[in-house]
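Lifted from TrEMBL, the feature list:
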BINDING   A:CYS58, A:CYS61, A:HIS62  heme c 1 binding site
BINDING   A:CYS204, A:CYS207, A:HIS208  heme c 2 binding site
BINDING   A:CYS348, A:CYS351, A:HIS352  heme c 3 binding site
DOMAIN    A:44-147  domain 'Cytochrome c'
DOMAIN    A:189-296  domain 'Cytochrome c'
DOMAIN    A:335-421  domain 'Cytochrome c'
TRANSMEM  A:7-26  transmembrane segment
Amino acid sequence: MRFLRAISILLTLAVIAAVGFLLIGWRSEIPPDNQAANAQYPPDLVAKGAQLAAVGNCIACHTEPGQEAFAGGLPVPTPFGTLYSTNITPDPETGIGRWSEAAFVRAMREGVDREGNHLYPAFPYDHFTWVTGEDNKALYAFLMTREPVKATAPANDLVFPLQFRPLLVGWNLLFLREGGMQPDTSQSEEWNRGRYLAEGLGHCGACHTPRNAFGAEDRNHHFGGGEAEGWQAYAINASSHSPVPWTVDSIAFYLRNGWHELHGVSRGPMAEVTGNLGLLPDSDIRAIATYVASVMGEPSPERKEKGERLTRSFGNGGANITTAALDENKASADLSGHPGAAIYGAACATCHESGRPQPYGGLNFALSTAVNAPNPQNIVNVVMFGLPPGDGQPSAVMPAFGNTLNDRQVADLLGYLRARFSDQPAWTGLTDLVAKTRSGEYPVTVLASDGIERAPKNVGAKE
Amino acid sequence: MTITLNVNGQNHQVDAEPDTPLLYVLRDDLELNAAKYGCGLGQCGACTIMIDGKAALSCVTPLLVAEGREITTVEGLGTIENPGPIQQAFIEKQSAQCGYCIAGMMMSAAALLKHNPKPSDDDIRSALRTNLCRCGTHMRIMAAIKRASELMEQAAVPAATNRSAG
Ligand code: FES
Ligand code: FES
């Protein structure tokens, strides 16, 4: 009896909780606006929206590789199952063609669609909530003037009970700060502009901040390094592993050009980001750089000293590179008998010690964040899949070595790079990691290194 | 060091340093001159061969990783008297201008056709995107690969018909 009573109490509580969620979480439908897609929008507003959409990198998630832009359908793997991005072209039936501006703004600020359904936070509304009404207006005008495409995304495939969208109310209570943060008056206007772009539409933290068990960003480790599409998004705070500490100038150059002589080229999902940022005025890029550099803070005297030494050797467009420079970081222990040494000599050194300037020459590994990072995934990816060339324009390129080297050989090579070019402890479990990356058990998205358009096909691990 | 290389189905003993690029061994020691030296940096594709049936760049392949694996070069696709379907197709479509890139193109094509016997234009472009041709014969190379796919299919069909007839 007592058992039955306990069960019935529990059930009642569950029902009350569910009803409660439904009530708090209930959002009304915003009536369809059948004229929205046919309305006229001033060209300068649309142009501004295009720039903002580039900051938001909307196209990356809302486009299937090789398919129509913004038509959605891209699978987004999460620890909770697979989500499919939605169609944000102005198609009335399958896209947002009947969304009024109010409905669009609500989605951006609260993560609720026109019909009142809660959206999943893979759509980073916890960042987009910062976006001002004025900027939303421009974004809306830009999207509503795209080519409408009829396309319905496959149904999401989530673990129970996450299909039940009102649960997201709980998530929002915990993790959504509607409207973002007020400007910090103790900081410059440029810094505040940078924070607005980086924390808001730019949603840097969505990849660069680690996530907690609820899939929300861990605020205690802001910009502490995360993961995206099979790539490590490096720490961009005080724990950055970049051998040469970043500065406002170097970040701005990197974001503008997709490479920097002391840091190498952007790749993986970051290639899309830098590719897209090409649309932004210098002032905005500089603002983002100012903010991110301030989050990184002043490097320690040792890091600074090492950075200066490396800059003397490798900076200045490669003009200073000498044999001595190329031997930079050569570990005191003799590595010539290392199983990775011969592989490095024939497969890597010809480019990576050529001293030819970035972005077309190989980066000297003494400068490589990948070799110094705690997790080797990025350098595994680059060795296996290379950097596919961009379409119809000059771009960085690196051959893929997945067909040349077996798992053990890749592991040997990476062990050698780590021993020779970093003072960090050896990586463990390399062979296994390489095997999982090769088999596709650990999926990796491979993108052309120009990054503006997704490669026509994901030349990924599953091939 | 001495290692045994299996090239086009034949074993060879080679005496060379482990970090010698495989391309040098193929050309200088084994006198298999199909694979070409273009850039030596893995950027042009002229040196493409197959390792275990997959396209690889022999200029950046250290000799030691080739041990115990099946290497295929254009010499393994057919002979002058008896060209294989890919070679036949490149001749029919007259795809070579100076010809320097063609051996690499053929090997990338061979690797593609192995796992994708009827490739689309997009498939071909993406599989051969790292093979450069400075003469600009790309359209003829595309045509030759499509033709090779037909020739290979035709070569496979009679056998199948016989089987069903028998
Ligand atoms: S010679 Fe090997 S890729 Fe150019
Ligand atoms: S035919 Fe001359 S390089 Fe291709």
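Glycine residues also receive a Cβ, built from the backbone N, Cα and C atoms like all the rest.
Since this is a predicted model, take the numbers as computed values, not measurements.
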A:CYS61 (heme c 1 binding site): secondary structure state under DSSP, collapsed to three categories: helix
Reported mean pLDDT - the domain 'Cytochrome c' (A:335-421): 92
Packing count at A:CYS204 (heme c 2 binding site) (other Cβ atoms within 10 Å of its Cβ): 22
Cα-Cα distance linking A:HIS62 (heme c 1 binding site) and A:CYS351 (heme c 3 binding site), given in Å to the nearest integer: 36
Cβ within 8 Å of the mean position of the Cβ atoms of A:CYS58, A:CYS61, A:HIS62: remaining residues of the chain near heme c 1: A:GLY56, A:ASN57, A:ILE59, A:ALA60, A:THR63, A:PHE70, A:GLY72, A:LEU74, A:SER85, A:ILE88
Contacting binding-site residues for ligand 1, chosen from A:CYS58, A:CYS61, A:CYS204, A:CYS207 when the Cβ sits under 6 angstroms of any of its atoms: none
Rounded distance in angstrom between the Cα atoms of A:HIS62 (heme c 1 binding site) and A:CYS204 (heme c 2 binding site): 17
Additional residues surrounding heme c 3, by Cβ distance to the A:CYS348, A:CYS351, A:HIS352 centre under 8 Å: A:TYR344, A:ALA347, A:ALA349, A:THR350, A:GLU353, A:SER354, A:GLY362
Chain B neighbours, restricted to the binding-site residues A:CYS61, A:CYS207, A:HIS208, A:CYS351, A:HIS352, by C-beta under 8 angstroms: A:CYS351
Most Cβ neighbours inside 10 Å, all chains, among the binding-site residues A:CYS58, A:CYS61, A:CYS207, A:CYS348, A:CYS351: A:CYS207
Site with most surrounding Cβ atoms, counting all protein chains shown within 10 Å, from the binding-site residues A:HIS62, A:HIS208, A:HIS352: A:HIS208
Extra residues within 8 Å (Cβ to Cβ centroid of A:CYS204, A:CYS207, A:HIS208), heme c 2: A:HIS203, A:GLY205, A:ALA206, A:THR209, A:PHE223, A:GLY226, A:ALA228, A:ALA233, A:ILE236
A:CYS207 (heme c 2 binding site) versus A:CYS348 (heme c 3 binding site) - Cα distance in angstrom: 29
Integer Å distance between the CA atoms belonging to A:CYS204 (heme c 2 binding site) and A:CYS58 (heme c 1 binding site): 13
Rounded to the nearest Å - Cα separation of A:CYS207 (heme c 2 binding site) and A:CYS61 (heme c 1 binding site): 13
